[in-house]
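Heads up: the structure comes next, in structure tokens.
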Amino acid sequence: DSECLKEYGGDVGFGFCAPRIYPSFCVQRCRADKGALSGKCIWGQGSNVKCLCNFCRHEP
């Protein structure tokens, strides 16, 4: 999966992942800005969250 998933980059995780919309800003920006098929949010401790762009497959 490491070849498929690439972090969006910058400190965008919380802003891209916190709003409860579908599809998330993470998915929207990965598609629009990076040419990815989808994106997903990985939550860590507290507000530590990463937006990962998926270049291999569409995910809900």
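Placement of Cβ uses the backbone N, Cα and C atoms for every residue, glycine included.
Out of Cys30, Cys41, Cys56, the record in Swiss-Prot bonds Cys53 through a disulfide to Cys30.
The recorded disulfide partner of Cys51, taken from Swiss-Prot and restricted to Cys26, Cys56, is Cys26. Restricting the disulfide-bonded residues Cys4, Cys41, Cys53 to those with a CA within 10 Å of the CA of Cys26 (disulfide bond) leaves Cys41, Cys53, listed by sequence position. Sequence-distant neighbours of Cys41 (disulfide bond) (same chain, 6+ residues apart, CB-CB distance under 8 A): Gly13, Phe16, Cys17, Ser24, Cys26, Val49, Lys50, Cys51, Leu52. Classification of Cys4 (disulfide bond) by DSSP places it in coil, neither helical nor stranded. Counting every protein chain shown, the number of other Cβ atoms lying within 10 Å of the Cβ of Cys51 (disulfide bond) is 24.
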